[in-house]
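Going by TrEMBL, these are the annotated features:
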type: REPEAT; residues: A:10-64; note: repeat 'RCC1'
type: DOMAIN; residues: A:12-386; note: domain 'RCC1-like'
type: REPEAT; residues: A:65-116; note: repeat 'RCC1'
type: REPEAT; residues: A:117-168; note: repeat 'RCC1'
type: REPEAT; residues: A:172-225; note: repeat 'RCC1'
type: REPEAT; residues: A:226-269; note: repeat 'RCC1'
type: REPEAT; residues: A:270-331; note: repeat 'RCC1'
type: REPEAT; residues: A:332-390; note: repeat 'RCC1'
Amino acid sequence: MEDYEEEEKQEIWSWGAGTEGQLGTGKLQDEYSPQLLHLLLPSSAGPIFMLACGGAHVIALTSGGKVLSWGRGTSGQLGHGDTVNSPHPKPVMLSDSCFITHVSAGWNHSGFVSDKGSLFTCGDGSFGQLGHGNNKSHSSPVKVSYFINKHVEQIACGMRHSLVLLKGSCGDRVYAFGSGKRGQLGVSKGRVNSVNLPEATCRLEDAKIVSIAANGDHSAALSADGNFYTWGRGFNGTSDAFSPRYIPALLCFTEVALGWNHALLLTGDGEAFMLGGNHHGVLTNPNKLLSSVKHLQDSNEANLERVPCLEGKKVVHIAAGSEHSTLITEDGVIKTWGWGEHGQLGLGNTSDQTLPQAVSLGRDVGEEEAAAPKIKVYCGSGFTIVVITSLRRPHQRLFECSNSVVPE
Amino acid sequence: MSYDDVEIEDMEWNEELQAYTYPCPCGDFFEITKEDLKLGEEIARCPGCSLYITVIYNMEDFAGEPDRKSNKGLDSSKQNSIAVA
């Protein structure tokens, strides 16, 4: 384990809306271009395994199962035991013996899953989105007792709701709680204002769900055979879905990312698709919007559209903010498009973009590394964070080690 | 162009801001005060960006309160004066 960690080099870049401290730059301002972060993470925690970005906060899960968070904390969503913002990473108040394996950040709430299958939630609970059987908010993670005899695998937090995926291969495995006004809980055929205790999402019993996603008032799930299900607020002005809808496509999907009005999908063949993107990249330009609405108005159903302008390059990873999109191509290029008013596209300006544009980090990624770096991108509502993990070349490692004490 | 139409019951009362709020996709909140609603304003703006939403509400629900008791049942025969704070 330790040998492995020594060989990894990690770079974290952020850009976009930053007035709540969510960029981790230590400054409370928007950034229009990628900023290299100098996060102070405890060395014992290991490198970052995954990030989760919410309305204006970030949760970092390290490979050592430790969790840190920063950004807006006014509802207790940082899990620091208080209700104040934090511009720098601070540990989430979880027990030392707890090894966390999955995290999610919603608009103003957070979820943490442990290797034992326990779920902990904190932050805004006013719609029941913490799942504790009441509408209270919590400033440090509280175990969700409903799942005490079950094994939770994943958590997905939306604006005012949460989805949970249980481990196993059959039966009810997807649970939901919080606001259900737009059908995002999928727990019944009718309208449910909100529930504050987990309820099974219907119509998914026969599908082997492997991943779940939530953002805004949308919910989605992918099955092991690559089927895509979505429920909640309708895309492109279509009617809300109160139970999961299978979106027929002759494609095998491996990743899904949700915004507030669109969904991004990635196939096993490296193709990216968008659902419901007729506002995408035209929020601040109503003239463009009118023409795109006209274009789509004869179809009642939102259609999957292939993401254009990728020059035949395969896509390896996708992420969605509330109104912006990002993807990573096979050659390590970060592309962004959508709403850009806060610099969330990282293109050095505040313009919207209807087509994917390459983000420059001021150098070629992968130039110094021995092997192609692993690039992961994460989007909060109006901001973006990229984590680049690469293996160091042996000589480079020696050089850098000479400046620090490395135990043999 | 309004970003969304939001019912007042889906907005949250923020004591500190003395305003109804709703999440804005930039990470901040759309805001509208009771005074605005009383005056018939239906646009809630985000202080952090150019977006705004249209608030769906009944103006009558805000017209009278909190300055006076409602005079329900009398309005057809008697014209109510508009209370000015």
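Every residue gets a Cβ built from N, Cα and C, even glycine.
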Of A:10-64, A:172-225, A:226-269, whichever stretch has the most CB pairs under 8 A to the repeat 'RCC1' (A:332-390): A:10-64
Long-range neighbours of the repeat 'RCC1' (A:226-269), counting only residues six or more past its ends (CB under 8 A): 158-159, 182-184, 186, 188-191, 201-204, 207, 209, 211, 213-220, 275-280, 296, 300-302, 304, 307, 314-315, 317-325, 327, 338, 379, 381
Mean predicted confidence [pLDDT] for the domain 'RCC1-like' (A:12-386): 92
Residues of the repeat 'RCC1' (A:117-168) by DSSP state, where helix covers H, G and I: 3 helix, 23 strand, 26 coil
